[in-house]
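What TrEMBL lists as Fe cation 1 binding site is ASP67, HIS101. Taken from TrEMBL, the feature Fe cation 2 binding site covers GLU98, GLU158, GLU192, HIS195. Marked as active site by TrEMBL: TYR105.
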Amino acid sequence: MAETYYAAINWNEIEDIIDKSTWEKLTEQFWLDTRIPLSNDLDDWRGLSELEKQTVGHVFGGLTLLDTVQSESGMEQLRKDVRTPHEEAVLNNIQFMESVHAKSYSSIFSTLNTKAEIEEIFEWTNTNPYLQKKAERINEIYKNGSALEKKVASVFLETFLFYSGFYTPLYYLGNNKLANVAEIIKLIIRDESVHGTYIGYKFQLGFNELTEEEQQKLRDWMYDLLYELYENEERYTEELYDALGWTEEVKTFLRYNANKALMNLGQDPLFPDTANDVNPIVMNGISTGTSNHDFFSQVGNGYLLGTVEAMQDEDYFIGMDE
Ligand code: MN3
Ligand code: MN3
């Protein structure tokens, strides 16, 4: 018998049942941007002002950047610290879906925007100081942080930093506009909700192994980081939304989601804001069922992936105990 050079993954011997349940949840909710009939939103799109169109473009440019960071750097770095081989398989699934997310904004652009507009969006995205700062701050932690710090960065990115952008499509959805664009965003939010919960759970396993002193040190670091990111996010929000007059309500939404990120990490909230403080139109957008209930069946080549369940409030506030 040779010594084991490389161990085969055995799904019949599960060390952490959360790996298995997360794998099942993520594969059940698999989706692709190409199945959403985005061109049905063109009438709504033509009814928006130039300022609104430009804001939507920049918002999705910013989201593209964050999903690019997650798909290229984030999951790659988190994979170095897995506790089980099944966790690595889950992260592989997450990494692929991050690429789907990043690509789906390009599907939106190619449907709604001209070539010149798309070039402007990417130029803005790749040079906006606040956007670049958040990408840099998170990515530096991915490259140089400890296993636990990297998980904090990932949860802050996915449960907090995306929401300055998610606000816009949810707002339009709450106003019965751009329903198919919003469908994509809701599928992304549903994925992110599982990612944030899962990575937050893995964080808590490691965190609970620390001494009380180490925990306090990490907690201080975490809250400092959150506050630093929040300040940058305020500037980003002002730049995006001042002209539309949405800045203050977006900031409320950010603080609410920052608290949710802390909750995923098993920590106490930082801000007083709750769901009741968020613009009800946006909360309404979040809780609306998916509009293309059986969009997978539109493919018509027998490639039936199963129907996508209507998104419920619980999907947004997903727990691992369901
Ligand atoms: Mn994503
Ligand atoms: Mn994610």
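Glycine is no exception: its Cβ is also placed from the backbone N, Cα and C atoms.
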Candidate nearest GLU158 (Fe cation 2 binding site) in space, where candidates are the recorded positions ASP67, HIS101, TYR105 and distance is Cα-Cα: ASP67
Structural state of HIS195 (Fe cation 2 binding site), classified by DSSP into three states: helix
Distance-selected binding-site residues near ligand 2 (C-beta under 6 Å), from ASP67, GLU158, GLU192: GLU158, GLU192
Cα separation, GLU192 (Fe cation 2 binding site) to the residue listed as 'active site' (Å, whole number): 15
Euclidean distance between Cα atoms of HIS101 (Fe cation 1 binding site) and HIS195 (Fe cation 2 binding site), Å: 13
Close in space, distant in sequence - HIS101 (Fe cation 1 binding site), Cβ under 8 Å, 6 or more apart: LEU63, ASP67, GLN70, SER71, ILE188, ASP191
CB contacts for ASP67 (Fe cation 1 binding site) [other CB atoms within 10 A, all chains]: 25
Recorded positions close to ligand 1 - of ASP67, GLU98, HIS101, TYR105, HIS195, only those whose C-beta is under 6 Å away: ASP67, GLU98, HIS101
Coarse DSSP state, helix versus strand versus coil, of the residue listed as 'active site': helix
Same-chain residues at least 6 apart in sequence whose Cβ lies under 8 Å from GLU192 (Fe cation 2 binding site): GLU158, THR159, PHE162
Long-range Cβ environment of GLU98 (Fe cation 2 binding site), under 8 Å and at least 6 residues apart: ASP67, GLN70, SER71, GLY74, MET75
Additional residues surrounding Fe cation 2, by Cβ distance to the GLU98, GLU158, GLU192, HIS195 centre under 8 Å: ASP67, GLN70, ILE94, MET97, HIS101, SER154, LEU157, PHE162, ILE188, ASP191, VAL194, GLY196
